[in-house]
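Here TrEMBL flags 453-499 as domain 'RING-type'. Residues or ranges marked as domain 'PNPLA' in TrEMBL: 518-755. If you look up TrEMBL, you'll see 522-527 marked as motif 'GXGXXG'. Sequence annotations record features per position, and here TrEMBL assigns active site, nucleophile to SER558. The feature active site, proton acceptor is assigned by TrEMBL to ASP742.
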Amino acid sequence: MRQDADERAAWVEVATADDGLRIVDVHRLDGLVKSLSRPTLQRPQIVACVGNTEKRLAYSVLFPQNPDVWTNCTHAFADLHLDRVSAGIDRESAGLDRESAGSDHPLFFVDCSPGAGCPTAERKLATRSGTHSPLPSDTAGKLILTRLLFPFVDVVCVFADDLGGLAGAATYLEQLFELASGSPGAAPSLIPTSLPWHARPSVIVVTSARDTDERDVQLREVREFNSRMRALRYRRHFSAIGCVRLWPRRAEALRVAALAREVRRTLDRARERRSAARTLFSATHLSWFFSQAVVHVARTVRDPSPFDFIATSRSPRPLHPLAASQLRAFLRVARDRKLPFETMIRVVASSVVYDAYPPSAHVFCPADTFSTIYASAIQHALETADVPLSRHPRGMQKSALVASCLSKIRAQVCEWVDAEATRGNWAKDLHIRNLDLFRLEMRWEKAKCNSSCLFCIFGRPQHVLHCGHAICDVCVQRLGHAESGMEYSYRVEVCALCRTPAQLKVVLKPPTAGIRILSIDGGGARGIVPLQFLKLLQAEIGRGGSIQDYFDVAVGTSAGALIVLEMFRMHWDNARCIEQFCGFADCVFTAPQRSRPAPRQPMCARGYRFVEAWFGKGVYSDEVVAMLLKRCVGEQTRLFDRVVDGAPSRWKFLVTTTTVDDVSTVVFANYNPPLERMDGDLEPGAEQAAATYTRFPRSAPEDEPYLWEVAKATSAAPWFFRTVEIRLSDDQQNDSMGSHQDGAMRNPNPTDIAVEESTGHIWPCRPRRDLILSLGTGGLLRTDAPSYPTSRGPSSKRVVSRIYRWGTKTLMATVDPETVHQKVLKMLDPTEKSRYFRWNLMLSDTLPSLDDASSMDFLTQQTERCVPQGKLRDIKIALVASSFFFELDGPPARNDGGSYDCTGTIRIRGEPARVLELVRSVHSGKIPIFKNAESVDDDLRLRECFVCKRHVQRVAFTVDDLTIPFNLKLGLGRAGEHAMSGLPQTMQWFVDQQGLHDPFTDILPHVSGPNGIRFEHPGCPAVREWTGNADARPLKRRRAC
């Protein structure tokens, strides 16, 4: 077996930058690991050889059939080589596997020639200032060896004869110890604390026996060497240091055979120690850890710190920043259910195991994992929770009680991991079994929480099952099953807590897809205008599906909120929405008016009625409004509640109201922002929305506001309707959340709120906005004062009626939706501006009043006449482009030219048959694919799997830089080229969103399928396999929001 030029490539290089030498990871180890037969199962060991002549002689015997190994090993440390050991080696004499590449423990050899200096790569490295610290040129090689390689190497072979004998070897090791400590004389070691001393590398100092030396001289050299090593307290860095004296040179074969046996024995001991310490990594994990260690060392040259394996393994999937707040919510539920203290401890411990060990995760020492990742958050939750933690003696300090709780949780976690840890979904199975055991004590049927996912504790619930339990997106994917025919569609068949049948369908936004927003203004009876526009748009879409299928977020205020609730909460089609809206307006605005001034009342009585209507009871009957809303959305339906039968849990909707006290905007939503604490404060990094609006706090399920109350509050326009006081529950009459009125009083056009919520709160990863459709309810073309209809009856010219008209004009003047339209334009970048559609019916003479139900026929006719057909087609084209999204098959690979080769697939979001029908209505010919201005494919040929009914097309292209945005466009004939969903973006963004840099987790937010499997059958043409890897696995797909 000969090594080609690529196999002699370096693991890392040292390149010249503007301010000195820098470490460069050339990802050589990644390629070598992928060439193994089973990289996810094989657990390699690494031997580092330090020397020159003696080392080459040893290689010449170890690798007689592979001369490139020993003829090219004169490079300095910048050229680190890996070779699959045993080509040409005698198995009996060496004790090494003949084909270690296929063995369970392949051997990697790292070559280092310390006397050759540290040459730099020929290419000049262009780095950003401050990204990495430059390396000192005189100690660069030793620094890389100690801080980068020591945490990964099992055995270090130091050939003393190449360093001037044992004394020279001791001096060399002393220099390494000094660098490993961070500074001269420093005590702490830079070997990771997650790597216990007995799992750290062993050092074998190889020296040759000389015939001329007396035995006493040799023993004295060994004693002096051992003395110097003991003075260094070497166990801070290594597990053991030993000397091996080889036969005289005339017996070269016996010399090397003795060395090979010693290396084999040391490797066996190292493997046992690492296995016991749970630090024997798979080849896949080892490669990823090494690349992360390169970055860590490069960033900490001036301020060195140990590389932490456990913390680094969780860097792509950190503990939820609100973990302590989530745990406090669970503790309150446990308190209310009077859960025994020991059971509470076991539930928390089981949730820690479930969160810490998803499929493909490396099973570190559970005590170290708990201390590194979870202890701080759990301690904070226990310290701040207002719940009794246990039966303890009076006077016992709370700090001692918290410490006792932490100790019990840690012990329980260790017990379960030591007993249950296997491959696959063992942690999930263990957690489900534990929850079943705790069912009688916990009484899960009555334990409900809207602010914390009770199944995993650390997640924010987004979906409510039929039994009332709310779960997060991650639990949907880990507990549900991927449905055929639709991307990112799951079905949860049973509640994991109470075991009640659920049959909930959940559709998640693909992690690399953009956002589609629908916003509807307020306007009373004029709400028929956006409904009629949507009717025309639905007719334009035709058999392409319902309008709701092409939007992710919907927001409305006043009448617009009622439309949003009908479409996205009740899942009604457009025809039923129009029928219900017209019936609602007719019933409300033609009901007996209780406070409008009567024509024959005395002046003082009419004045009193006016003041009462404006500041109190309103003109129209609240009882009629409440009755109709209860009939429409349900009397017992809560804001955050299970979806209607047959509808998926898919859409995020928002409804706005205005507070009476300070005239501020309040948002009622059916989701939990991932980064918002339950007390309303935002975690650092989340967008601060409090400057323009506040979000109604999520409360206990029994305290959640009724949906009809929210609908009544958002449409409670002053003068027309009474203000609505929303309380937490019927049992807490004094616990009011304030009085609310028409949301259009403050935000007649809620588009800006939808834009801010979608990219700053719902999806903190800030995806692109594919489409924003904002619909108005009517306006006037003239710039002068609008004309309003007069009051009915002969009293229209009297004083009170004039005051009434003045109040109506004042109300209408304060709500200008077009002002928000200009604000939204300033919020969007040039790409998104072309995807923003605003339409409003502009009238030339008279704008009907909010309560003029008789004008709805007129407004319907005007909408049908004024909506331009071109705008409807433009919106349809935008819907088509947003229905396709791109995903990578694997991490981009750097080619010889310095650019990156990217292979991925184009996929359909939504039901493929309907989307393709919509595509054909726009363009029936070939649909070329472009990357920026470069052609990628001449036609969009989507292959359908006859089992899962999904459609994909594989594409390949290159990008010059991972951090420069690129665009994929579809050529839609005369409609032009249009970017697909979520684009333009950088390639690094795709890598982060899909979790391609995380080999430890098969289940992350937005991952498809149970147990990390992309589809439910292996024959699907969309299942991606890693190139050249026989241990092929389906691609993981993620959020990192």
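Just so it is clear, glycine is given a Cβ too, placed from its N, Cα and C backbone atoms.
Automated prediction, rather than curation, is the source of TrEMBL annotations.
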Measure from the CA atom of ASP742 (active site, proton acceptor) to the CA atom of the residue listed as 'active site, nucleophile' and give the result in Å, rounded to a whole number.
6
Could you list the residues of the same chain, at least six apart in sequence, whose Cβ is under 8 A from the Cβ of the residue listed as 'active site, proton acceptor'?
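In sequence order, the residues whose Cβ lies under 8 Å from that of the residue listed as 'active site, proton acceptor' (at least 6 apart) are GLY522, THR557, SER558, THR657, THR658, THR714, SER715, ALA716, ALA717, PRO718, PHE721.
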Ten-angstrom check, please: count other Cβ atoms within 10 Å of the Cβ of SER558 (active site, nucleophile), all chains counted.
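A 10 Å sphere around the Cβ of SER558 (active site, nucleophile) contains 34 other Cβ atoms.
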Averaged over the domain 'PNPLA' (518-755), what pLDDT does the predicted model reach?
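Mean pLDDT for the domain 'PNPLA' (518-755): 83.
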